[in-house]
Amino acid sequence: MDYYRKYAAVILVTLSVFLHILHSFPDGEFTMQDCPECKPRENKFFSKPGAPIYQCMGCCFSRAYPTPLRSKKTMLVQKNVTSESTCCVAKSLTRVMVMGNVRVENHTQCHCSTCYYHKF
């Protein structure tokens, strides 16, 4: 009988520690965050009152899958995983000067397309 009480005590302590850790995080910490749609959003750093600068921001498609054997045979350096992705890029833009002599792109339309600059 005393043997079962020890196990019950250990289980209760473990459960209470787990619940304490779980409740110490803000709401939604463990849930998947929604990824915003790819669209122009205001860049607060370059924008001025009355002259907003927009940059494309948001999420697009990406996936990884095992490299097909037929493709693997043609690779100089074989890799087991192949990945595909698209990035949120400007479909149309205008170049503007801000802060005197800094040229930036003011994005007017965005879409998901080939990633040219990869962020690490």
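Even glycines carry a Cβ here, placed using N, Cα and C.
What Swiss-Prot records for this protein:
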DISULFID  Cys35-Cys59  disulfide bond
DISULFID  Cys38-Cys88  disulfide bond
DISULFID  Cys56-Cys110  disulfide bond
DISULFID  Cys60-Cys112  disulfide bond
DISULFID  Cys87-Cys115  disulfide bond
CARBOHYD  Asn80  N-linked glycosylation site
CARBOHYD  Asn106  N-linked glycosylation site
SIGNAL    1-24  signal peptide
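Everything Swiss-Prot records as a feature, shown here on the structure.
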{"residue": "Cys38", "record": "disulfide bond", "Cβ within 10 Å": "21"}
{"residue": "Cys56", "record": "disulfide bond", "Cβ within 10 Å": "21"}
{"residue": "Cys59", "record": "disulfide bond", "Cβ within 10 Å": "14"}
{"residue": "Cys60", "record": "disulfide bond", "Cβ within 10 Å": "17"}
{"residue": "Asn80", "record": "N-linked glycosylation site", "Cβ within 10 Å": "7"}
{"residue": "Cys88", "record": "disulfide bond", "Cβ within 10 Å": "22"}
{"residue": "Asn106", "record": "N-linked glycosylation site", "Cβ within 10 Å": "20"}
{"residue": "Cys110", "record": "disulfide bond", "Cβ within 10 Å": "23"}
{"residue": "Cys112", "record": "disulfide bond", "Cβ within 10 Å": "19"}
{"residue": "Cys115", "record": "disulfide bond", "Cβ within 10 Å": "15"}
Fewest other Cβ within 10 angstroms of its own Cβ, chosen from the disulfide-bonded residues Cys35, Cys87: Cys35
Disulfide-bonded residues clustered about Cys59 (disulfide bond) [Cα within 10 Å; pool: Cys87, Cys112, Cys115]: Cys87, Cys112
Cα separation, Cys56 (disulfide bond) to Asn106 (N-linked glycosylation site) (Å, whole number): 9
Cα within 10 Å of Cys35 (disulfide bond) - qualifying recorded positions among Cys60, Asn80, Cys110, Cys112: Cys60
